[in-house]
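Remarks on the structure that follows.
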Amino acid sequence: AKGSGARGAEPMSSSAAGPDCCGGLGNIDFRQADLCVMTWLLGYVDPLDSSFVAAVLAIAFNPLYWNVVARWEHRTRKLSRAFGSPHLACYALGGSILLLNLLRSHCFTRAMLRQPSVEGLDQPAAYSLGLALLGVGSVFVLSSFFALGFTGTFLGDYFGILKEARVTTFPFNILDNPMYWGSTANYLGWAIMHASPTGLLLTAVVALTYVVAVLYEEPFTTEIYRQKASRPRRRS
């Protein structure tokens, strides 16, 4: 590292400059920076707290649940036979997903409230930002639901309830998977409104879980519609 004075001068020590996390902007080592972020987070977040563990498990379980059940239904059609109709089976799965999402939100909020908040985030500007994110996320989630309908939202494709064409209206003309990212924005806004490092960390877990879910779901859904397109159309 180079000093700020003439050639040959000794670098300014961090002790002389005052407390510094990673040795000054001119001496940044990104491995140390990552360690500083983790140290800061662990000062506010207890990852072993039961409420935090419950929130992580709820976040990770939900997409695992609906993907496993939907793929099992696509392979066996047992849910459709049990309910007497693919639509009724899809409604049942959708209802269970909604209940699990309510449980996830409850666990998320409980984990935030049990752990410390940050004074720097607890101010009107941050609260307004969080509220705006919550509003934008809600628009994406609700508009996605209305564009897809109940069966389109809750994996009706896996039950054989296929759409005639890909949905390209708002918000799908803005970004892919708007319901997932709208939900992530909701959690991020909720965390900022509560000035909660725990909420921010759990939001990152939500985003990571959705990224994995998209990588897992999209090729399978694409294959379902490829098979539909390859079938010969019946003549009327």
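Including glycine, each Cβ sits where the backbone N, Cα and C put it.
Unlike curated entries, TrEMBL annotations are predicted automatically.
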Membrane_side_equal(Ala111, Glu218) from TrEMBL: yes
Under 8 Å by Cβ from Val136 (S-adenosyl-L-methionine binding site), counting only residues of that chain that are 6 or more apart: Gly182, Ala185, Gly189
Binding-site residues listed as Gly135, Gly137, least Cβ neighbours within 10 Å: Gly135
Nonlocal residues around Glu218 (S-adenosyl-L-methionine binding site), in sequence order (Cβ under 8 Å, 6 or more apart): none
In the chain carrying Glu217 (S-adenosyl-L-methionine binding site), residues 6 or more apart in sequence that have Cβ under 8 angstroms from it: Asn67
For the transmembrane segment (187-216), distant same-chain residues with Cβ under 8 A (at least six beyond the ends): 40-41, 44-45, 52, 55-56, 59-60, 62-63, 67, 108-109, 111-122, 126-127, 129-137, 176-177, 180-181
Confidence summary for the topological domain 'Lumenal' (1-49), mean pLDDT rounded: 52
